[in-house]
């Protein structure tokens with residue numbers, strides 16, 4: 001590691017300090033984080049097994065839910081093992097390239113999840129607003145194309161963030177990252193060079209992916225609500241609302257946490273740094289933890305299948 005004029009040239013190792021200001025209680029913070037991670041893994045794996053084993057659930061809504069479960073497992077696994085290593089075993093060092101790879105994985109799965117939520121909203125829109133054409137539009141071929149498309153969209157755009165860091169930023173003020181995982185802005189802020197292009201491109205990606213998805217998800221649900229309110233029977237309206245309520249809960253949790261995390265990180269200069277980091281951690285951990293719970297409670301087919309599984313265990 002070569003030092004020039006008080007800066008570090010192309011560091012090989014970075015140090016993640018966890019949650020600045022809360023180092024003394026990080027061990028205890030790790031306990032609920034670990035519990036959330038285990039719950040997320042168990043819940044999402046259970047939903048995947050149920051969807052795979054039940055042929056009646058091989059429909060677009062449940063297949064999108066399976067995509068969401070895979071994404072949630074991958075997203076939480078990208079952050080939790082290293083996070084707990086910092087909190088419990090003081091394993092703070094990480095190779096620079098490994099840090100960039102973790103950054104790419106985290107942001108890729110974040111953006112993939114956003115794309116899956118958009119696909120789920122469009123699926124509900126067609127199912128409620130144009131039900132006769134739903135089966136013809138949402139074929140298994142289209143579902144595969146959507147899954148590949150949202151993953152490639154995220155992977156390619158986030159890869160350019162990584163390339164800009166590697167190619168443009170050579171000198172760093174410090175190798176200490178004031179964060180608990182490798183996040184784009186946390187790494188860019190270490191640089192001793194002009195980072196405007198990196199910051200502008202980061203905001204561009206956030207708008208192109210998250211902004212685009214939020215706009216179309218919102219428009220889809222506005223159209224859904226207009227259609228539902230026009231239904232003549234009260235029972236039909238309640239049934240339509242019930243199929244959407246789980247999606248809306250997941251949508252609000254994901255985007256509200258993401259909104260507060262992103263804007264406090266970029267513009268909340270007077271907010272303590274530990275608030276930034278806790279919000280960032282919750283943004284990555286709460287959706288994978290809550291999604292299987294929300295869908296397990298609100299989706300009758302999954303709820304009935306889970307009850308059947310546990311009743312069989314009790315009977316044996």
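Heads up, the Cβ atoms here are built off N, Cα and C, so glycines get one too.
Note that TrEMBL annotation is computational and uncurated.
Keep in mind the model is a prediction, meaning the values are calculated, not measured.
As recorded in TrEMBL:
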DOMAIN    43-295  domain 'G-protein coupled receptors family 1 profile'
TRANSMEM  27-51  transmembrane segment
TRANSMEM  63-89  transmembrane segment
TRANSMEM  101-122  transmembrane segment
TRANSMEM  142-165  transmembrane segment
TRANSMEM  200-222  transmembrane segment
TRANSMEM  243-263  transmembrane segment
TRANSMEM  275-297  transmembrane segment
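Stretch with the most C-beta contacts under 8 angstroms to the transmembrane segment (200-222), considering only 27-51, 101-122, 142-165, 243-263, 275-297: 101-122. Listed as Cβ neighbours of the transmembrane segment (27-51) (distance under 8 Å, sequence separation of 6 or more from its ends, same chain) are residues 19, 57-58, 62-63, 65-66, 69-70, 72-73, 76-77, 80, 83-84, 87-88, 281, 285-286, 288-289, 291-293, 295-296, 302, 305-306, 309. Spatially, the transmembrane segment (243-263) is adjacent to the transmembrane segment (275-297); three or more Cβ-Cβ distances between them are under 8 Å for residues at least 6 apart in sequence. Confidence over the domain 'G-protein coupled receptors family 1 profile' (43-295), given as mean pLDDT on the 0 to 100 scale, stands at 89.
Residues 60, 63-64, 67, 100, 103-104, 107-112, 114-116, 118-119, 184, 187-188, 197-198, 201-202, 205, 208-209 of the same chain lie 6 or more positions beyond the ends of the transmembrane segment (142-165) yet place their CB under 8 Å from a CB of it.
Sequence-distant contacts of the transmembrane segment (101-122) (same chain, at least 6 residues past either end, Cβ-Cβ under 8 Å): 61, 64-65, 67-68, 71-72, 74-75, 78-79, 82, 94, 146-147, 149-151, 153-155, 157-159, 161-162, 181-184, 187, 205, 209-210, 213, 216-217, 220-221, 247, 250-251, 254, 258, 284, 287.
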